[in-house]
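**Student:** Heads up, here are the entries from Swiss-Prot:
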DOMAIN    371-423  domain 'SOCS box'
MOD_RES   Asn246  (3S)-3-hydroxyasparagine
REPEAT    106-135  repeat 'ANK 2'
SITE      Leu256  site 'Essential for interaction with HIF1AN'
Amino acid sequence: MDGITAPISKAGAAKLVKKDFLEALKTNDFGKLKAILIERQIDVDTVFEVEDENMILASYKQGYWLPSYKLKSSWATGLHLSVLLGHVECLMVLLDHNATINCRPNGKTPLHVACEIANLECVKILCDRGAKLNCYSLSGHTALHFCTTPSSILCAKQLVLRGANVNMKTNNQDEETPLHTAAHFGLSELVAFYVENGAIVDSMNAHMETPLAIATYWALRFKEQEYSREHHLICRTLLDNNAEVNARDDDFKSPLHKAAWNCDHVLMHMMLEAGAEANLMDINGCAAIQYVLKVTSVRPAAQPEICYQLLLNHGAARIYPPQFHKVIQACHSCPKAIEVVVNAYEHIRWNIKWRRAIPDDDLEKHWDFYHSLFKVCCNTPRTLMHLSRCAIRKALHNRCHKAIPMLSLPLPLKKYLLLEPEGIIY
């Protein structure tokens, strides 16, 4: 009886059908898929456990902990797999057989997956078939919140044009709108589109941060220490649409504080010109100039002298004179920054802390500048020209940046009044 094959059990047969069904999905064999569904051999919403190391199919609640091996695979229906693999024909077959379009076996609907992988064709099909545009994932994100790459901009536009809510906040501890998300990821085109379609420019997340504050903070790529032009464009767009430049987060930081923390003179200039208050203090009692001072030494791509110049020309309070050695500690390799700050005082005397703050190699490298610094900052008064500059600046106060360029003076004198560094102090 060795040649007789044992009959396949019902469970074994179901297992084989499930395997064939999954194989048809993976190979885009929509003909075979259709035949299986017509014969009703398997439920159209059958859930599979598939490899998903990048968690494209999965979404979890914030704060939940799972062992790493659990995160290497996810549960998914045929719809999710068809979207993930870009198999439009299989997607259509499943929808024609009444697959549940908003199913979330592992926290995401097929529409969430389509937006995350930026598959515009699948987004259109799912929307045409009735997918919920504002449905939350298990992590509390809508489909618009999953549009985080330049390639997904068209997906976001499609959703908005079909009625997705551009002001819907995430249902989690962040409470961010799609505008916050686009600002974070530097999608300037999408930010402009959201604003044109009714996004509230001053919407606040759970930390009371506006999209302007988010874009300002993320304008510095911390790993590369480079500034993002896209984030600068976003800030320009938001300010042009009347974003509140002095909005404060839950630490009382304004966007100017965040720009100062990044030592980003482009954004600092943009915000000061838009009416940012240079002397606003945060919860730590720090104004923007203190943040520039704190980070100057760890921002290699920055031009701190411009940051100080901008703030002082917009009326920022000067560094407390007994603490001036901290300016030298932070800027010892950038004499121009020291020059700008020291020229904001009528007179300031050096002390031993100044000398200790300068490494010997920097002292030697910038000897002419440091020699002039110690020579000028002694017991004798500064030049009459410098004192005249201080008198004019004191009279103009926070209008220096506007008033001085309008004076009938030669350009070199205007630059002198605006603290333009010259490389030496006299």
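Yeah, the Cβs are placed from backbone N, Cα and C, and that goes for glycine too.
The model shown is predicted, which means the values in this text are computed figures rather than measured ones.
Structural setting of the listed features?
**Tutor:** With a cut-off of 8 Å between CB atoms and residues at least 6 apart in sequence, the same chain places Ser254, Leu256, Gly275, Ala276, Glu277, Leu280 near Asn246 ((3S)-3-hydroxyasparagine), listed in sequence order.
Taking Cβ pairs closer than 8 Å, the repeat 'ANK 2' (106-135) reaches residues 56-60, 74-77, 79-80, 82-84, 86, 88, 91-92, 95, 141-144, 146-149, 151-152, 154-156, 158-159, 162-165, 168 in its own chain, all 6 or more past its ends.
According to DSSP, Leu256 (site 'Essential for interaction with HIF1AN') is assigned to a helical segment.
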**Student:** Please average pLDDT over the repeat 'ANK 2' (106-135) for the predicted structure.
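**Tutor:** In the predicted model, the repeat 'ANK 2' (106-135) has a mean pLDDT of 97.
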**Student:** Applying a 10 Å Cβ distance cut-off over all chains shown, what neighbour count does Leu256 (site 'Essential for interaction with HIF1AN') have?
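**Tutor:** I count 30 other Cβ atoms within 10 Å of it.
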